[in-house]
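**Student:** Dumping the structure here so I can ask a few things about it.
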Amino acid sequence: MERTGFELYNAAKDKEVSSSTLRSLLERVTCKGNTILHLAVNFENKDIAEKILKLDRTLLYETNNKGDTPLHIAARFGYAEMVELLIKYRKQDVEQGMKLLKIKNSEEDTALSEEDTALSEKDTALHVAVRKGEKEIVKLLINDDPTLAMKTNEAKESPLFLAVDREFYDIALKILELKECSPEGRKNMNALHAAVMDKCKPTQADDSGWIPLHYAAHLGDVELVKLFLEKDTSLAYMTEEKGMSALHISANKGHVDVMDTLIKRCPDTCELLDNKGRTALHYAVESGKPETVKFLLRKEEFQNLINEQDEEGNTPLHLAAYRGYAIIVHRLSRSRKVDNVIQNKKDMTALDILRSTTQKNILFWLADETATNGEGHGDQNKVSKKEHSVDIGGNNKEKTEAPLQKPQDQAVQKARDQHEQKEKSSEILASTSLMVATIIATVAFQAACQVPGGYNGGGEPNLKENNSFKRFMKFNSVSFGLSAFLMCFQFIVAILPRYFHIPYPRLFIFLLSELSLLCMVGAFLSALYTQNSEPSDSAATGTYVALFLPLFPFMLIFYAHYILKHIWDYKW
């Protein structure tokens with residue numbers, strides 16, 4: 001690029017500069033390698049920057065002598081609107097769009113302190129924004145590309161490490177909201193070490209109420225959690241602004257080892273409630289992690305908290321039903337200490353919640369488990385009936401017991417009937433498809449033994465060089481393989497324990513049967529063509545009809561299934 005300075009600086013400052021003037025300056029740079037877009041961003045001249053980008057978007061990726069792109073400069077000086085503009089035009093570049101956010105600078109930044117200067121090489125724009133504590137720009141960058149949180153610079157510093165190291169805890173929390181983020185730091189440290197080595201005391205909380213122990217629990221660092229508890233066990237009882245303790249946080253993330261450490265050192269932390277009145281078990285259920293729930297259910301400290309209700313009256317079972325976590329619902333309902341008929345403040349039991357459209361698939365499941373648990377407790381009418389006391393004549397001493405029918409009883413019975421009908425139809429389909437698979441396998445096996453054209457004296461097929469014969473062998477082999485697999489699959493499905501509640505794969509088995517049948521028809525037609533290398537028009541028409549016949553019932557049944565499914569969903 002041609003080097004010049006005076007004209008570039010004047011054009012970058014002037015908001016009224018013409019497009020023709022800008023076009024003539026696109027190839028020029030200053031002595032420090034800054035393009036006109038670098039300068040426009042530096043002067044926060046958004047109008048000129050947009051004009052430049054309309055003329056040439058490739059300037060987005062140009063770096064100056066320090067390796068900075070215009071995005072690095074905008075992030076360093078906190079120009080949020082400029083960052084938005086650059087990201088907007090980055091998205092229009094399909095081929096190199098994602099490249100911009102990941103470009104790292106290369107040389108020292110004199111705007112940084114002496115300590116930061118040595119470590120600022122190879123920073124992405126996100127690193128630069130975090131160093132400066134620019135929360136809005138950090139949000140813009142990670143919302144546009146969450147994978148930036150996994151990038152480290154030359155010093156192996158991740159954005160999370162920089163945020164914690166510089167005590168920008170609001171930025172650290174924003175990064176922690178991502179599904180994946182790297183905690184790496186310089187000299188083999190990580191974000192947790194940065195939190196521990198911070199000047200604040202272990203009991204000193206950030207603006208969100210998080211103490212270092214909370215960060216350790218969030219990231220699942222057991223050793224660091226142990227160090228904190230050895231120093232001060234009272235840390236385990238400290239809560240953040242939402243009322244979550246370290247046990248709540250680790251339960252939400254599914255860190256069983258951390259939970260085990262906290263419970264062993266501080267057993268009564270199990271009784272801690274957040275601002276909504278929820279225990280760690282509520283959080284484990286809501287996170288949808290069955291193993292975490294299983295771990296807490298086995299802990300003696302949680303035995304009297306299994307039916308704990310939050311401020312809305314929801315037990316862990318209610319939350320599992322709301323979320324539709326079938327495995328967790330099953331696991332909770334099997335526990336003898338879980339009360340399945342507790343009502344929340346909306347007068348709904350877990351079964352009432354499961355009556356909704358999204359939960360109807362596990363309604364029978366919970367009903368069956370509830371009935372089983374009810375008998376185990378010696379109360380056979382636990383689900384279907386409930387004894388209510390009714391005053392007679394205003395005398396409190398005279399009461400009569402009247403069983404009232406619960407509204408979910410009809411839903412339970414209806415679910416049972418539908419389940420039985422579905423099982424019956426599945427048995428019919430299984431026997432039919434097994435019979436079809438057996439017939440196809442038998443026919444394919446015989447066809448392989450008695451190939452068209454017979455064998456020569458050496459035992460080789462006479463038509464082995466014939467193209468139609470080759471197609472016959474391929475179709476026949478695939479047909480036999482599919483039917484054999486289908487038979488084995490039927491046996492596997494039949495012997496799977498009902499404990500897993502795996503639905504019968506109707507569509508999959510039907511599809512395999514159709515494919516096997518189609519291959520058998522293809523083998524038959526190929527065998528015919530071995531005798532007629534040039535088929536007549538009537539033979540070709542017959543071929544198309546023969547191929548269509550197996551497909552017709554498949555398409556008809558699939559269409560009927562689609563229509564009936566939508567009618568069923570509308571009905572519910």
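The backbone N, Cα and C atoms fix where each Cβ goes, glycine too.
Quick paste of what TrEMBL says about this protein:
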{"type": "COMPBIAS", "residues": "376-401", "note": "compositional bias 'Basic and acidic residues'"}
{"type": "COMPBIAS", "residues": "414-426", "note": "compositional bias 'Basic and acidic residues'"}
{"type": "DOMAIN", "residues": "430-530", "note": "domain 'PGG'"}
{"type": "REGION", "residues": "371-426", "note": "region 'Disordered'"}
{"type": "REPEAT", "residues": "66-88", "note": "repeat 'ANK'"}
{"type": "REPEAT", "residues": "121-153", "note": "repeat 'ANK'"}
{"type": "REPEAT", "residues": "208-240", "note": "repeat 'ANK'"}
{"type": "REPEAT", "residues": "242-265", "note": "repeat 'ANK'"}
{"type": "REPEAT", "residues": "276-308", "note": "repeat 'ANK'"}
{"type": "REPEAT", "residues": "312-332", "note": "repeat 'ANK'"}
{"type": "TRANSMEM", "residues": "475-496", "note": "transmembrane segment"}
{"type": "TRANSMEM", "residues": "508-529", "note": "transmembrane segment"}
{"type": "TRANSMEM", "residues": "541-564", "note": "transmembrane segment"}
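Please situate the listed features within the shown structure.
**Tutor:** Listed as Cβ neighbours of the repeat 'ANK' (66-88) (distance under 8 Å, sequence separation of 6 or more from its ends, same chain) are residues 32-33, 35, 37-38, 40-42, 44, 46, 49-50, 53, 59-60, 100-101, 103-109, 111, 123, 125-126, 128-129, 132, 134, 136-137, 140-141, 144.
When averaged over the repeat 'ANK' (121-153), pLDDT in the model lands at 90.
Beyond its flanks by at least six residues, the repeat 'ANK' (208-240) meets 164, 169-170, 172-173, 176, 183, 191-192, 195-196, 198, 202, 246-250, 253, 255, 257-258, 261-262, 265-266, 269, 272, 274 of its own chain at Cβ-Cβ distances under 8 Å.
Across the range of the repeat 'ANK' (242-265), the DSSP-based residue counts are 18 helix, 0 strand, 6 coil.
Same-chain neighbours of the repeat 'ANK' (276-308): 243-245, 247-248, 250-254, 256, 259-260, 263, 267-270, 314-317, 319-320, 323, 325, 327-328, 331-332, 335, 337-339, 342, counting only residues six or more beyond its ends whose CB sits under 8 Å from a CB of the stretch.
Residues 430, 433-434, 437-438, 440-441, 444-445, 447-448, 502, 504-505, 509, 512-513, 515-517, 519-520, 522-523, 526 of the same chain lie 6 or more positions beyond the ends of the transmembrane segment (475-496) yet place their CB under 8 Å from a CB of it.
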**Student:** DSSP helix, strand and coil counts for the repeat 'ANK' (66-88)?
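**Tutor:** Helix, strand and coil residues of the repeat 'ANK' (66-88) number 17 helix, 0 strand, 6 coil.
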